[in-house]
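> Here you go, one structure.
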Amino acid sequence: MREVITAVFLGVGALAMLLAGLGMVRLPDLFLRLQATAKAATLGVGGLLCAAAVNTGSLGGVAHALLTVVFLFAITPVATLLIARAAFHTGVPLWKKTGENDLAEKYRAEAPPPSADSLIDGQ
Amino acid sequence: MALLAILLTGFVTAPLAPLLVRVSRRGASVSLGFVPLGLTVWLASLVPQALSGTPPSFHLPWVPALEVALTLRADGLSLLMALLITGMGTLIVLYAGAYLQENPRLGSFLGWLLCFMASMLGLVLADNALLLFICWELTTVSSFFLIGHDSQKEEARQAALRALMVTALGGQALLLGLLLMGWVAGTLTLSELPTAGPALREGPLALAILLLVLAGAFTKSAQVPFHFWLPSAMAAPTPASAYLHAATMVKAGVYLLARLSPVLGGTPVWQGALVSVGLVTMVGGALLTFAHTDLKQILAYATVSVLGTLVLLLGLGTPGAAQALVVFLTAHALYKGALFLVAGAVDHAVGTRELPLLGGLRKAMPFTAAAAGLAALSMAGLPPLWGFIGKELVYGAAGLAPGGWGLALGATAGFTFLVGSALRVGLLPFFGPPGERGPKAHESSPALWGPPLVLALCAVGLGLVPGWLQPLLEGAARAIAGPGDTPLDLALWHGLTPALGLSAVSLVLGITAYTQRERLRRALVALRLERWGPSRLYTLGVAGLRRCADFLTDQFQSGSLHRYTFLTVAVTAGLLALPLLFRMGIPSGLKRDLHLHEAAVLAILVLATALAVKTRSVLTAIMALSVVGLTESFVYVLLGAPDLALTQVVVQTLTVILFALVFSRFPVKPTGGRSRLQDAALSLAAGGLISWALLHASVLPPQTRLADAYTSRSEPEAHGRNAVNTIIVDFRALDTLGETTVLATASLGVYLLFGPSRRRKPA
Amino acid sequence: MNSVVLRAVARTMTPVLLQLSLVLLVRGHNAPGGGFVGGLMTSAALILYLIAYGTGTVRRLVRVSPMKLMAMGLAVTLGTAALPLVTGQPFLRSAWTELSLPWGGHLALGTPMLFDVGVYLVVVGATLGFILALAEGEGSEGGGKEDL
Amino acid sequence: METGLILAVGMLYAAAIYCMLRRSTVRLSLGLVLLGSATNLALFTTNKVTRSGPPLLPKDGLLAGPVADPVPQAFILTAIVINFGMLALLLVLVHLAERTVGSDEMKHLNTEVPPPSAPNE
Amino acid sequence: MTNLLILPVLIPLAAAALSLLLPARAGLRRALALGATAALTGVAAWLLSAVWHQGVQVLRVGGWEAPVGITLAADLLSAMMVLLSGAMSFLCVVYSAGSLEARQEAGAHYPLVLVMLAGVCGSFLTADLFNLFVWFELMLVASFVLLALEAERERLEACLKYMTLSLLGSALFLIALALLYAVGGSLNLADLAQRLPGTRQPPLATAAAMLLLAVFGLKSAAFPFSFWLPAAYHTPPVAVTALFSAMLTKVGVYALYRTFPLLFAGDPGLTQPVILAMAVLSMVAGVAGAVVQYDLRRLLAFEIISQVGYLLVGLGLSSRAALAAAIAYWVHYVCAKSALFFVTGAVERVTGTHQLEKMGGLSRTHPLLGLLFLVPALSLAGIPPFSGFFAKMALLRAALRAESWGVAAAGAAVGLLTLYILMKVWREVFWKTPPQEARGTPGPLAMLGPCVVLALVMVGLGLGAQPLFVLSDAAAGQLLDRDTYIHAVLGGAP
Amino acid sequence: MSALLWNLVLALLWGAVQDDMSVGNLAIGFVLGLGLLAFISPRPGPSPYARKWLDILKLLGLFAREVITTNWRLALEIATPGIKSRPAIYAFETEARTELEVTLLLLIINFTPGSLGLEISEDGKVLYIHNMFTTTREAFIRNMRENVERPLLRVLR
Amino acid sequence: MSGWFEALLRGVLTVLGASALLTLVRLIIGPTLPDRVVALDLIALQMVGGIAVYAMLTHEPGLLNVALVLAIISSLGTIAIARYLFQGGKGEP
Ligand code: NA
Ligand code: NA
């Protein structure tokens, strides 16, 4: 029984991870890929960790798994914010089919930071 | 014991000289003169015992581990030399006191002079080859400081270095030679060496020993082609020249050969080398006197010629030659010392030593002139002077040798030019019209004319009473060539011998040369010997050495870290390749099981590494490194090392944070993207070799001894179930202690270089 | 700005991380962990704090200068190591004592654990030293009061 | 796994050395990181590489099966920490050097000038 | 079993930690450093006498027997080296007190010196290869920081170069250890020495030997692993350079002496010629570098490389006589080189430069300095009656008796060139008319005192060379007597 | 808060009385206590404490629905050829005020598939949200307001 | 452990490996640094998952601790990179 439940979690997690990986390659711009990581990865890691929690059955295992998931939930958005902000500052292009962009208005007033040039590969 | 005291006296009094000079400039040299004088008397008192069957000797172990011992022995030869050294030394010290009266560094000069004297005494009294060598080197060093006494003059500095290098070169060779000799003979005691003579003369190392010893002797005694240092050493103050370069030090090489001739002598190589080098030196040196007009230069070349004669005599190796040698050696010491001192007195009085500027000094400087005249007559080999007797003996010895007529002819040629030079030196400054500087000249203090006069009168006295020194000279000759069948005959008149004829010939020719001196000089100058002579060779050698060193240093110490790293890696790879490629085959039994996920991990590792190397963006490279680090820790997870995985993950993230902190402070303009094929090739070769070695290691049977010990003892003895941790904090805690200190020190360094303490300081 | 979120997360998470690092330190003798990784985790937690609040706050939080922390750690390790010298035991010889717990069971306490604490202190001091020095950088005001 | 890992280690070494040969202090420090990783893994492959568990003893003190060799692990732990300290120091030096000469190129920092031509001998 | 062996590590480390904990005052740190180095010297003397009277001394750290725990072992060579390092570091601390500014003294100079000293002594005493690695790193990191302090451009450059090559060396060291562990299953020297002969893959051990040769070559600055040294040694204060010269490269040489006769004596076919080649090349390359230098300290730095060559000759020949000669040379050379650096510092203070061109005339203005230069210079050039002569002669003697003609010739020739170089210095610094008048004073007693002491030592070791040779001969005997060391370290354990 | 504390005390009591302090047993005690506390209230209807639990459950329910639907869309988007979504970045004026509220709101938005917080204005009142699937600004803001923000604030306040 | 379950675990590991390789492709091709940071972050998460799976495969629940630390630490790294590298070390703390 436990193995079956574990298997379900494993399946969800593995699938989410695979999708995230695929998304990294397939999705056309940074923000979409951020979406893929943020969600699929949290879902994927969450699934896999839950599988482990169920499988081990020990309190320690559960605590570790849950703590990891909680931490990831908490910290990933922070990283996302920082990366997105950096991306805007450095002029990372949006996918051409992106619709409205309110953030562009906000940043138009601000000057880009001086170190921006070096961030694009090969420059 | 007496010998030791005699040896040490000089060394002990030498440091006192500067102090004494500080007390009294005038009194210093007189009081110091009592040291060599006393030694002379003391040595003279040893003569009877020395000539008996058991010469005075002394033995004290010094460094037994190296067979260095204070073994001293005073046989006839040693005593003759020692008496020359101390006797001359007395006069030179007195003379130097006056000559350098105004010189601010008189004290150090006298000190080095006494040090030299003591070393020279040690050299001739030593019965241990290494003790002899020690003194030999000490004479070299003290002569360096004596030659370079006028250190403000570039000429003096250069001459000192040149003399030092040439003689030290010989010294190194001599050391090797002596060490080989000691090894072959089993002893380094000079008086015991003759018993090992056959082994030394005929063993497989015989030639090497001989050549090394000859190199030492020839450089010290200024034989062609090493002679060039001697004329340039005339930059020394005249008392030093008279003492070192006429009377004593240059004879050290001759003394050494004389001392070793019972051991090494008699072989064809010995004879060939000594005779040919001696002959060339004798004739060449004498001839070259005519190329110069500086009194000291003339005397220096004349000295070279005489040294050649002495070496030639040693090469002949007959008892007669030995007798000629000792006589001629003393004669030369007396007259050449006198002439040098005369040259110094003239220089002191007139301010020049250039013959064209000198003349007519006999009235102003009568005593000096007298000394010069007598010494020159001795040098020219005219009766009844001591020099005449010496010359006759040389002719005799040369003539008696096999192929003697050729040698006699050569000797005649040499003496011809010496006669000419003697006339130039003895006559030109004192006769004829006064030179440019002449009129102002006057005789200086008795200390400047007394010593040369004493030496000159000795030459006369010995000529008139030749038998006075006979026992000692015979003893000395015996030490060289063993007991001869003919006793030493020191008479002025032997009848009409061939030698007398040759003397007459050389006298006549010498006078001719004297009259033709200008023509000769122009001819010699036209040869431009300085352009292709050995002196030039030395200069070229030094320049070549520098260029070679320059090249080497440019190549290896170029300042380019790239080259340093490249060479280091290349050499290491080469070293590693030696055993791997030549002694090991392809490893067999490699494990080939690889799971899919492991393959993926390895692929990520390799790809990320490639990215880190390939990318031009430093920040990308940092991220690639992150992946490498993560993968590494995943490998640890896969292979049962969670402790490592934990530590690696944290460390690698902190590393990335450090990178981020640093590179956030300066915008990185990526450089060094230039890809060099050779760099890549070397890197791959090195990496490949390391893999190769590790593959070989991987097929060895696993070593479980320690692992078992730790896993079984960790819990019961170290109270921990994590074997890695028990190793770290208990079994091998000392490593950890060191390692934490490393980390702390690194942090301290970061703090010192970059932390608040630095910020507070104004830039 | 972003720091709203960053600060909130840091404030909640840093204590958790510090706790975790202590767990790693304490259980190192029996499970993966130990002074090194514990110390490194502590530094990591403080780095999170540093990113959110800046170096001054971290210095205030730690109170002791990293260099002193390090020296203290060294003193602890050296002291623990040298303790056996007093009784003539070999250097670094460990000593253990069993502590009976009031709720039953035993707790083995030994000098290696103290040694590990010293290591922990050194590692915290050293890594914090690195990070603070680099984060403050030359020319900035932060810190700057301590003597070496 | 072992063979593959060893080959990867060789490649890591090659990459590290290549980076260190790049004439740039920044690349040099990157190379040092790679060098550290390569060396740690090399140490790890020395004795038997095993997929068995870590050298942790269960509470009852009896090992169920084979465990990994703890000795190289202890060595690597030490090496990791040392390398980290060295790297931090190197990074600061790189930074200071960059600030001093305004470049990360080693040649701009070079003061090992070729020796001046000598005065006459 | 004696805790005496840990004291040379513990004393400096404890003093360093205490230094950092106490307030940063120059006087306090100086006193701590002086006390620690003096105590260390005393302990080392005690240790040497213990080894002399009772044989190899051993400490099983933590009470764990080899090879489970780390064992410290002191034979005569180790004890001599510890004593030498202790005494030299004491002199260096005295010299530092005389030559450094109060600001530097109150800074981390002394703690770093002490840490380095701990690393050095640890390296001399350990009988475990990985532990040796740790001590090496400790010594290295302290020397990095000492070198880079003040962060001037030249020092940064020097430190970067030194660090790059050193860290490369550290990586190579670990590879060698990995191979040895794979072959022998232990890194305890005695244990390895026992096991290596029976290994299934001897060439792999040789490969490790080659790597160790490169690693220790790097540490000891033997050509062609010497590139870092000339760049590094002329930049820091003289007190630091002298310390480096007395210790750093010596530890590399020591490691070679410790490991090769013990571990790789069975396979001399490949390693001995390589060592001899390295020795000769070092002699030549070092002296060649020195010939062209007109910067006093760089010149002396190049000289180090050539002297290291002499030290390696002993190992390359590996006969008892050669080892003994090299050990004696070692003692002499550490004193001579440090003395030269010390005098150089005083000369630089007087002249305000370390360019030979800008100096001159010191023999007239500062005759004492001249004398203090002359003694170590002549000694280093192997001129009698100073210590260097006997040492060099012993080495040549051993080379000749081993029929290594080339080595003997190179030794003699390089000795000659050394004389040339040092007399060139003499000519430039002490004889030549100075282009500018000297300004400074030769420094306080604390600067000249160590020079005088070392000069006396060199005279003493020359006139009284016999005890040194007896001692080094015994040390060489111990090096070749592998069984005693193995037995002492393993202590009867399997 | 004090209600939660009471709840925990009740759970511990449950365990202590039974001399079974295992996690499972304590959880049972907690749920029973929650049931008790939900109905012990002076006012009619569920107690505020119980209402909070209901709000949390409602939030989780809404949340789960969002997660499942949009993850499915995301998965389809990635797994099938071509990208059909038309992303946009909208400014969203939030009613959240405290640091904690803003942070939790952002966490929830981020966890909601298809939307991702990219930036917060300096005053913390405007969130810029990247959004994959919504077609209009109005629809997006309404959805955010009703399905994410309000339920969350209800839980928090 | 039943056979199918072990096979499943191995399969999941392989899937994770493949997924990580895909992510690595993004890290390699970029094109911008933020792209790479995102990829790096994801790789770390994939490894966290991998460790969890491996913990099940080897019955080593202790490995979950490694997973936890890895998750925490790698996110910290991502934040630090984003914070310091992209903002030039300037801006508010
Ligand atoms: Na050195
Ligand atoms: Na060194």
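Each residue, glycine too, has its Cβ placed from N, Cα and C.
From TrEMBL, here are the annotated features:
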TRANSMEM  E:6-24  transmembrane segment
TRANSMEM  E:31-52  transmembrane segment
TRANSMEM  E:72-95  transmembrane segment
TRANSMEM  E:107-126  transmembrane segment
DOMAIN    E:128-415  domain 'NADH:quinone oxidoreductase/Mrp antiporter transmembrane'
TRANSMEM  E:132-150  transmembrane segment
TRANSMEM  E:204-225  transmembrane segment
TRANSMEM  E:237-257  transmembrane segment
TRANSMEM  E:269-292  transmembrane segment
TRANSMEM  E:299-317  transmembrane segment
TRANSMEM  E:323-347  transmembrane segment
TRANSMEM  E:368-390  transmembrane segment
TRANSMEM  E:402-423  transmembrane segment
> Could you name the stretch, out of E:72-95, E:107-126, E:269-292, with the greatest number of CB pairs under 8 A to the transmembrane segment (E:323-347)?
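The listed stretch sharing the most Cβ pairs with the transmembrane segment (E:323-347) is E:72-95.
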> Thinking of Cβ pairs under 8 Å, which stretch from E:31-52, E:72-95, E:132-150, E:204-225, E:368-390 has the most of them with the transmembrane segment (E:299-317)?
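When the Cβ pairs under 8 Å are tallied, E:204-225 comes out ahead.
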> With pairs closer than 6 in sequence left out, are the transmembrane segment (E:132-150) and the transmembrane segment (E:237-257) joined by 3 or more CB pairs under 8 Å?
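These two stretches do touch.
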> Same chain only, please: residues at least 6 beyond the ends of the transmembrane segment (E:269-292) with a C-beta under 8 Å from a C-beta of the stretch. Say none if there are none.
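Apart from its flanks, the transmembrane segment (E:269-292) reaches 206, 209-210, 213, 217, 221-224, 226, 230, 256, 260, 299-300, 302-313, 315-318, 404, 406-407, 410-411, 414, 417-418, 420-421.
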> For the transmembrane segment (E:204-225), could you work out the same-chain residues 6 or more beyond its ends whose Cβ comes under 8 Å from its Cβ atoms?
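Same-chain residues near the transmembrane segment (E:204-225) but 6 or more away: 136, 165-166, 168-170, 172-173, 175-177, 179-180, 182-184, 196, 248-253, 255-256, 259-260, 263-264, 267, 270-271, 274-275, 278-279, 281-282, 284-286, 304-305, 308-309, 311-312.
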> Give the nonlocal contacts of the transmembrane segment (E:6-24) in its own chain as ranges (CB under 8 Å, at least six residues past its ends).
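Contacts of the transmembrane segment (E:6-24) (Cβ under 8 Å, skipping residues fewer than 6 from its ends): 32-33, 35-37, 39-40, 43-44, 47, 59, 61, 72, 82, 86, 106-108, 110-112, 114-115, 117-118, 121-122, 124-125.
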